[in-house]
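Lifted from Swiss-Prot, the feature list:
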BINDING   ASN13, GLN46, ASN66, GLY76, ASN77, ASN159, ASN192, GLU210, ARG211, GLY220, SER221  substrate binding site
ACT_SITE  CYS75  active site, proton donor
ACT_SITE  CYS219  active site, proton acceptor
SITE      TYR269  site 'Important for dimerization'
Amino acid sequence: MLLHFSKMHGLGNDFMVVDNVTQNLYVNPDQIRRWADRHTGIGFDQMLLVEPPYDPDLDFHYRIFNADGSEVAQCGNGARCFAKFVKAKNLSNKNHLKVSTKAGKMVLHLEKDGQVTVDMGEPLFEPAAVPFKAQKAEQTYVLRVKEETVLCGVLGLGNPHCVIAVDNVDTTPVETLGAALAAHERFPESVNVGFMQKVSADEIKLRVFERGVGETRACGSGACAAAVAGIQQGLLNERVKVSLPGGDLIIRWQQGQPVKMTGPAELVYDGQMVL
């Protein structure tokens with residue numbers, strides 16, 4: 001079988017994207033890990049599958065696999081690439097797409113300037129919904145990790161997210177502290193960890209450690225989670241510029257409303273391989 005795929009990225013968060021509407025690919029974790037290897041494979045943070053919809057009111061089903069082969073429920077940067085991919089491959093001529101994911105439903109909008117706006121849904125704060133082990137929902141929680149205490153916001157946005165405010169993201173030990181928090185017993189399904197530095201009420205700098213991946217150049221859902229946590233805690237305004245190592249995203253959120261994320265998506269190359 002000859003498999004056609006595209007390599008894409010959203011702010012350096014890179015993906016292998018596969019049309020599973022006109023092709024029929026069954027993937028397993030070992031296969032994904034081999035393809036994700038940056039020395040011997042294609043190399044990517046996540047693999048995205050475009051599948052036919054399960055609901056006639058939707059356009060597609062969107063599946064996401066981390067580089068370690070695990071399937072996850074959400075990827076905001078991937079969602080922007082998903083929207084660009086289906087238009088480029090003539091799978092849809094719509095600029096407004098409704099897709100299902102493991103986490104629920106998403107709305108993707110292709111803007112006239114080439115950027116993509118993603119309706120990420122409403123954030124979840126109830127600990128059981130994240131999931132996170134706590135007696136009740138709080139704006140911040142105190143966690144003991146690596147013999148120190150950290151104050152963090154915790155929420156669900158397709159994936160579990162933990163957001164920590166820091167003085168300087170450039171000197172924060174993202175890999176070690178992120179890995180320790182991802183393995184923390186209070187996160188039964190692990191967690192994506194965001195380290196947020198406030199620049200102003202309208203802008204933050206952010207680095208994200210993604211579960212099953214490590215630190216990435218950008219994390220769309222992590223950017224949304226950081227903005228939401230900052231807004232909820234009264235630190236940020238309702239429109240926030242999030243500066244990640246790979247570039248900038250614009251996040252908008254009002255209490256009780258879905259989170260909106262706007263940013264770029266780029267094609268790197270189209271490829272094919274024999275299975």
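Residue positions begin at 1 at the first shown residue.
Just so you know, glycine gets a Cβ as well, placed from its N, Cα and C.
Positions of the features from Swiss-Prot, shown on the structure.
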residue	record	CB count, 10 Å
ASN13	substrate binding site	30
ASN66	substrate binding site	22
CYS75	active site, proton donor	29
ASN77	substrate binding site	35
ASN192	substrate binding site	28
ARG211	substrate binding site	23
CYS219	active site, proton acceptor	33
SER221	substrate binding site	31
TYR269	site 'Important for dimerization'	8
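In the three-state DSSP classification, ARG211 (substrate binding site) falls within coil. Apart from the site residues ASN13, GLN46, ASN66, GLY76, ASN77, ASN159, ASN192, GLU210, ARG211, GLY220, SER221, the chain places the Cβ of ASP45, ILE64, VAL72, GLN74, CYS75, GLY78, VAL208, VAL213, THR216, CYS219, GLY222 no farther than 8 Å from the centroid of the site's Cβ atoms, the recorded substrate location. Largest CA to CA distance in the substrate binding set (ASN13, GLN46, ASN66, GLY76, ASN77, ASN159, ASN192, GLU210, ARG211, GLY220, SER221): 16 Å, whole number.
The recorded positions near CYS75 (active site, proton donor), taking a 10 angstroms Cα-Cα threshold over the set ASN192, ARG211, TYR269, amount to none. Taking the Cα atom of each, ASN13 (substrate binding site) and TYR269 (site 'Important for dimerization') are about 15 angstrom apart. Here the candidates are the recorded positions ASN66, ASN77, ASN192, ARG211, TYR269. The one whose C-alpha lies nearest to that of CYS219 (active site, proton acceptor) is ASN77.
In this structure, ASN192 (substrate binding site) is part of a beta strand by DSSP. Take the Cα of TYR269 (site 'Important for dimerization') and measure to each of the binding-site residues ASN66, ASN77, ASN192, ARG211, SER221: the nearest one is ASN77.
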